[in-house]
Amino acid sequence: MAKGSDGSRLANLNEWVAEVAALTRPDRIHWCDGSDAENEALVAQMLGDGTLVRLNEQTHPNSFLHRSDPDDVARVEHLTFVCTDDQNDAGPNNHWMAPDEAHAKMDALFDGCMAGRTMYVIPYCMGPIDSPLSRCGVEITDSPYVVANMRIMTRMGAPALARIEKEGTFVKGLHSTGELDPDRRFIMHFPEELAIKSFGSGYGGNALLGKKCHALRIASHQARSEGWLAEHMLILGIENPQGETHYIAAAFPSACGKTNLAMLIPPEGYRNAGWKVWTVGDDICWMRPGKDGRLYAINPEAGFFGVAPGTSKKSNPNALACLQRDAIFTNVGVTADNQPWWEGLDNGQQPAIDWRGEPYDPAKRPAAHPNSRFTVSAKACPSYSPEAENPAGVPISAIVFGGRRASLVPLVFEARDWTHGVLVGASMGSETTAAATGAVGVMRRDPMAMKPFCGYNFADYFAHWLSFDTPGAKLPKVFHVNWFRKGDDGKFLWPGFGDNLRVLEWMIGRVNGTAGAVETPIGALPSADDLNLDGIELGDEALCKLFGYERDGWSAEFQAIGDYLAGYGPRMPQALVDEQRRIAGSLA
Ligand code: GTP
Ligand code: SPV
Ligand code: MN
């Protein structure tokens, strides 16, 4: 039982914990305070029962490997539900179940599920503890691995409990790993009750309920009624040689480059000239209009749950620097001397044991699972922005949408205005990745990178986005990027990573009115001369495909976008339908 200073505001928390304990029947209840001693005890316990394996203490002090159940390695979109009273409120973009039915189904699964286990009560705060934009929650779980990850990913423990006591409201998240049986696995959201019930998975977005379940699905629903936005976006600051910093928020689908862009290290010429990129967040962004009409953003998270494969000293030195100590690795391989290893690490070492704990055999499986991850505190990142802890948030100058598109979509273009920008976000497409179970590399619509995460009807969501365009609003400019355009040989045409700064520089130039562009029906595209391409070699095919605009292809794309929006029926805002028709008409 947690004691409030007067007991009153915590009554609903204590009641809920008692109710859950009566249902799940744990052997013990542990209230997490977030202390080092608590963490050390949990780690010792997990080392003892094999949940964690200690990595090489010389090269990676205080770092651990966790191997998931092989059937539990990614988010499960087909088992994720939004349970609203009216199915139309969840929308065609979500799986839906009636709240009563969903509660009954979940309560049957939770019945007695914690017998023999400890029930952990984790009070947490999403966002700086003193920010008015932050929101609190409590996760109840029977997984010590979840506790250890939540400790890194959120502000967890006593300060969060104190805030909950003051506010009286919090998101209730109930989680159990159950038996890790994929047939008894559901991730249920009850946005109208600020509640989550997750059973049968221990993996990332399914189990660390502060992350996708709270900070995106529940928060997006809450944000709609309170006038703000909860988005699947990184936040970065870009400092120019004059010392001015512009903040950019960017939405790319899962495993499409948010962490990498957020931690970008400028190419050498830029570095020498004094350019610097500051990391505010790599996955989630909460923003709301400030008094001056600009959008102000916070990162609700305190750590990174990043994709391991492909992370190298060359592609993302900042991420690698974060991973030197105090990190949890999930489903990576290890070397003979027990250092973490993944495909694309490129440090000259070789894997000995794969992510399943078996001797590495490239004919059998990769050493690291394609969706293997690291969990590490944001404070460990050399580029972590001092402004990331600012309770007021950072003012956003540009919003960027992007996806993995092998064909058609150029490197970058700019939307004409906010309404067009909302359409650019709403019509985003991307090839699927290993971040969720299912086929990889299939093009699907993933509006604003929120397809798996919007807690309500996309038609209402687009209307909510449009509603920010009010008199006096000083909205960010909106852009679209594609780092993943391929040539006829199937290779990426754009070098990406650090060189993406060239594109960000052009965006800031557009915000300041100093950079040029060519108007087309899909938006304003830079010509190759409008970007600084010094120091990189691009052939004719690359120049043509990265900076060109293919009228016939876009005409077909806009027909497909029209069909997609029509699928939402009359709830789709007319302004968006009109915008699509106007552009489709000018392409015909
Ligand atoms: P989530 O954590 O799943 O939301 O993903 P994320 O958007 O943060 O993705 P991340 O930055 O981890 O990138 C995923 C994959 O994309 C990695 O394999 C990267 O190497 C690759 N990637 C990132 N940026 C670029 C880029 O600019 N060009 C190319 N070609 N690949 C990139
Ligand atoms: C994503 O899939 O977008 C992630 C990883 O960031 S997870 O936390 O598992 O959702
Ligand atoms: Mn993500």
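Including glycine, each Cβ sits where the backbone N, Cα and C put it.
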Exercise for the section: Among Asp130, Asp142, Asp283, Asp292, find me the residue TrEMBL lists at the same Mn(2+) site as Lys212, His232. Expected result: Asp283
Handout entry: Listed in TrEMBL for the GTP site shared with Ala255, Cys256, Gly257, Lys258, Thr259, Asn260, Arg373, Phe497, Gly498, Asp499, Asn500, one of Arg224, Arg404, Arg405
Key = Arg404
Problem - Same-site substrate binder from Ser131, Ser254, Ser427, given that TrEMBL records Arg75, Tyr203, Gly204, Gly205, Asn371, Ser372, Arg373 - result: Ser254
Practice task
For Ala255 (GTP binding site), identify the closest of the binding-site residues Arg75, Gly205, His232, Asn371, judging by Cα separation.
Solution key: Asn371
Fill in the blank from the handout: Cβ atoms other than its own within 10 Å of the Cβ of Asn371 (substrate binding site), all chains, total 24
Completion exercise
With Thr259 (GTP binding site) as reference and a Cα-Cα limit of 10 Å, the qualifying binding-site residues from Tyr203, Lys212, His232, Asp283, Arg373 are Asp283
Problem - recorded positions near ligand 3 among Gly205, Lys212, Cys256, Asp283, Arg373 (Cβ under 6 Å) - result: Asp283
Completion exercise
Rounding to whole Å, the Cα atoms of Asn371 (substrate binding site) and His232 (Mn(2+) binding site) are apart by 18
Handout entry: Listed in sequence order, residues not in Lys212, His232, Asp283 with Cβ within 8 Å of the centre of the Mn(2+) site Cβ atoms
Key = Gly205, Lys211, Ala215, Leu216, Ser254, Ile284, Ala449, Phe453
